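Let me begin by presenting the structure, written as structure tokens, before commenting on it.
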Amino acid sequence: MGIAHSPQGPRGPGPGTHPGSARPKPASAWLRGGSGRGTGEARVRPGRGRVRLSSAPSPPPPAARSTWAGGRCCATDLFRCCGAGAAPAPGSMQDLRLWAALCGALLCASGVLAASGDFCDSSQCLNGGTCLMGQDAAPFFCLCPEGFTGLVCNETEEGPCSPNPCYNNAECQVVGDAHRGDVFTHYICECPQGYMGTHCETRCAKPLGMEGGAIADSQLSASSVHLGFLGLQRWAPELARLHRTGIVNAWTASNYDRKPWIQVNLLRKMWVTGVVTQGASRAGSAEYVKTLKVAYSLDGRKFQFIQEADGSGDKVFAGNVDNSGLKTNLFESPLEAQYVRLYPVTCHQGCTLRMELLGCELNGCSEPLGLKDNTIPDKQITASSSYKTWGLRAFGWYPFYGRLDKQGKFNAWTAQSNDASEWLQVDLGSQKRVTGVITQGARDFGHIQYVAAYKVAHSNDGRNWTEYKEQGATDSKVFPGNLDNYSHKKNVFETPVLARFVRILPVAWHNRITLRLELLGC
């Protein structure tokens, strides 16, 4: 077999090159071996690439041998090999050459023509391919460079990134040198900020509970607290909630604190993908954090700062430019953390901060399932009973009112009686992976009402129910509920459940069993 390197660039022959033009022959070595039909010998010229092999052709019919110059299907005969006038009018020499190469190769490979000429004298392989040819019954073959395939290396190779398997405009990147034949076997999706998952399919930039109240006051701490107006105003960390109102409505560090920080304990490991910050007004003066750093930890003792992409040091994030606007910073890579600290670097007047953390559960399955946004229709929300103020139907607290953050005079579900047999049920329409619950109370004519503790039951048919238990437990899990009528209380299941129907079973309550709800999952 003979090997020669193609002289052309990405496509087509080089300047002054013609399929039939003669060129000096490079040094070659002679190989001898069996072809399956006898013994043959071939020249080999060094080269690199990947070979596309076809089966050895059958001997051509005698008529074919006598028709074309003694059976020669050589480089200079490629145009004649397919017959005069058979070729379409080429738009360029490259088009004509490609057509001729394909035509000649197919005819010879099928056994119609004999390959007794030196195909590789004209380098039939395109795009830098290496030509390999044989004697007698063996056709020529092309060893294609990376990224090309086809009989004469005329086709672009499609790796795992074509078409792009990544979602949400993520970039697909081929990694490693592992190949299987001409197919790449490894790729990764570079997710845009706020997305994660193998294919960047999960939006992971949901508020984690500072503004909504799912993060309790006890989960917040700080290096120091400013005491204003003779020590009567305490600008404490539990006030550092986005959009909080009032005269004292944010966290402010002490004027003597040279390295202030505010910390959030998420109570479990979560993905944290960003932070939203806001300033506040103190004694009529606008105060806010202009720049800040972010540190994180799994145990609350060993913290590490987010680093600059080039490894030059701790990353300094841009903060706010006034006391009311919001500044969102999304991290280049998600943080797996239980504790998150914000360190103000430069401040305007005072280091005063309101904030929200963005992220999602580690399993990436914590999307609202449709109660708050009304994706779940009213008819799919039912209950054991409904309370009616003054017994009037028009003043009913019906189950379809039991949506998280529902507004209005009648804005929650309330049970007719206060006993443990009451329940609120949600039909998700199809089986879903349910990973958690957010609950909220309400107010009836000034009376604060909420569910203080509850159990969860699930079913796939609406008839046979299973109460949720943690792994290894013998008793059903009792989840802590609300402490007021407006805050969110989020509970995440240790083990997600697959279910179409979910019931909330109140165990303890304040005044009346009253509930607003959202289910989490995917």
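Keep in mind that glycine also has a Cβ here, set from the backbone N, Cα and C atoms.
Unlike curated records, TrEMBL annotations are generated automatically.
Since this is a predicted model, take the numbers as computed values, not measurements.
Marked as disulfide bond by TrEMBL: CYS125-CYS142, CYS144-CYS153, CYS191-CYS200. What TrEMBL lists as domain 'EGF-like' is 116-154, 157-201. As annotated by TrEMBL, domain 'F5/8 type C' applies to 204-360, 365-522. Residues annotated as region 'Disordered' in TrEMBL: 1-67.
The predicted model assigns the domain 'F5/8 type C' (204-360) a mean pLDDT of 94. Put simply, CYS144 (disulfide bond) is 8 Å from CYS125 (disulfide bond) when counted between their Cα atoms. A Cα-Cα distance of 34 Å separates CYS200 (disulfide bond) from CYS153 (disulfide bond). Ranking the disulfide-bonded residues CYS125, CYS144, CYS153, CYS200 by how many other Cβ atoms lie within 10 angstroms of each Cβ puts CYS200 at the bottom. If you measure from the Cα atom of CYS191 (disulfide bond) to that of CYS144 (disulfide bond), you get 32 Å. Counting Cβ atoms from all protein chains shown, CYS191 (disulfide bond) has 24 others lying within 10 Å of its own Cβ. In the three-state DSSP assignment, the secondary structure recorded for CYS200 (disulfide bond) is coil.
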